Amino acid sequence: MSYPQEVNKRRTFAIISHPDAGKTTITEKVLLYGNAIQTAGSVKGKGSSAHAKSDWMEMEKQRGISITTSVMQFPYNNCLVNLLDTPGHEDFSEDTYRTLTAVDSCLMVIDSAKGVEERTIKLIEVTRLRDTPILTFMNKLDRDIRDPMELLDEVESVLKIRCAPITWPIGCGKLFKGVYHIAKDETYLYQSGQGSTIQEVRIVKGLSSPELDAAVGDDLANQLREELELVQGASNEFDHEAFINGELTPVFFGTALGNFGVDHFLDGLTEWAPKPQARQTDVRTVESSEEKFSGFVFKIQANMDPKHRDRVAFMRVVSGKYEKGMKLKHVRIGKDVVISDALTFMAGDRAHAEEAYAGDIIGLHNHGTIQIGDTFTQGEVMKFTGIPNFAPELFRRIRLKDPLKQKQLLKGLVQLSEEGAVQVFRPLMNNDLIVGAVGVLQFDVVVSRLKTEYNVEAIYEAVNVATARWVECGDAKKFEEFKRKNEQNLALDGGDNLTYIAPTMVNLNLAQERYPDINFFKTREH
């Protein structure tokens with residue numbers, strides 16, 4: 001197959017949702033359709049051996065939530081789909097934000113009983129930075145749900161994106177009978193209890209068919225016909241250009257747990273979602289059709305293999321083709337490296353990559369030299385932009401139970417900060433170590449990983465820090481004066497960048513007023 005054909009058949013997407021909307025279950029079912037797994041392990045079985053294939057760190061297994069971003073590749077409809085699983089829980093936004101920089105489209109999963117929730121709103125804001133196309137799956141139709149028209153109205157008003165329903169539900173909860181495909185004029189009938197395998201779905205042709213009344217009952221059939229008249233009058237038709245520009249979302253209804261409706265949005269994804277897109281660098285735009293290799297690192301994961309204490313850098317291929325043993329330039333450090341052992345992923349199972357094309361995600365073994373945001377090329381000096389660090393909102397001081405392990409603690413924290421699990425700050429005035437996170441659960445993750453991966457037992461204490469900003473100044477003399485007078489509020493982060501740590505927002509505002517020549521940044525490009 002030629003290079004353009006390889007690139008054109010790729011679809012790289014992430015699933016975004018509020019915690020517990022069913023994202024991990026959908027991930028499972030998608031893999032089932034892609035023949036990547038044989039039976040879907042029910043995610044609810046926390047104590048059973050059938051853990052969801054994409055949740056594989058120790059703590060995730062105990063809690064049943066996806067903490068790390070894993071990558072899964074599978075074939076579907078003559079396309080090669082790369083699915084980036086993103087942490088769904090409240091507290092993992094920073095990793096999730098960065099993962100959204102590495103995809104070309106997103107699937108938004110909504111719990112149909114609850115509608116649009118807070119985390120979904122935040123994540124959609126991040127996709128807006130790049131106008132990422134969004135598909136929508138209204139989940140949990142096997143439970144009692146809100147009125148479908150209401151759900152569409154809420155998405156449109158809260159998320160400011162037009163909805164184009166592709167399928168429409170027939171009943172819900174115990175009365176859920178299936179969905180009607182508007183464009184194809186076909187009804188797909190639902191059978192409960194078939195969730196862990198791909199079921200043969202009975203299809204009824206035509207909305208006016210008596211077979212439809214016989215299958216779902218007169219009441220539901222008539223209700224469907226009435227609702228569809230309303231829908232076709234009140235909602236938008238699918239418009240591909242508006243979808244590509246992130247202005248309109250095709251909406252599918254179904255139940256991930258019952259494995260029903262998942263294939264409909266997969267068909268939509270492979271047919272409508274964009275092939276690998278162009279990316280900005282600090283010098284030019286790189287097109288996916290270019291044959292020279294380039295890519296950027298958006299995540300670093302420690303110890304994916306419990307048997308090996310290694311770290312893997314996840315790289316999005318932007319252009320060209322990776323081939324085993326090729327020489328690439330690691331732009332930030334100006335060094336050429338031979339990559340002979342890149343990995344491809346199937347959540348927890350790793351395989352050595354012989355080749356990878358634009359749109360694919362590969363893993364590079366990292367012995368401490370690769371950082372988030374690093375660019376690799378076939379010689380060209382450029383840096384991909386738009387992979388930010390976000391100022392933490394929560395802070396704790398971290399302390400050792402055994403003071404002799406200070407060196408291991410620092411090493412563990414710096415490694416965890418490089419992979420984006422947490423941010424570390426070392427105040428200039430004392431030997432404290434302060435950990436900053438975007439959500440509470442990250443603190444638990446850090447303590448548990450320090451224990452299992454670095455054999456360090458640590459505990460947290462409260463610390464008088466409310467917020468942090470990265471500080472820079474073009475005038476060296478003024479910067480020195482600022483540093484001299486504010487030493488008690490300054491710290492170095494894991495990458496040795498100077499940071500202002502403020503005990504209160506009032507303190508930060510005063511500092512910004514007092515030093516107008518100093519730039520205080522809420523995000524920092526990697």
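Placement of Cβ uses the backbone N, Cα and C atoms for every residue, glycine included.
There are 26 other Cβ atoms within 10 Å of the Cβ belonging to T86 (GTP binding site). Secondary structure from DSSP puts T86 (GTP binding site) in coil. Taken from Swiss-Prot, the feature GTP binding site covers 17-24, 85-89, 139-142.
The domain 'tr-type G' annotation in Swiss-Prot covers 8-277. Here the domain 'tr-type G' (8-277) returns a mean pLDDT of 85 for the predicted model.
When the neighbouring Cβ atoms lying within 10 Å are counted for each of the binding-site residues (D20, L141), the highest count belongs to L141.
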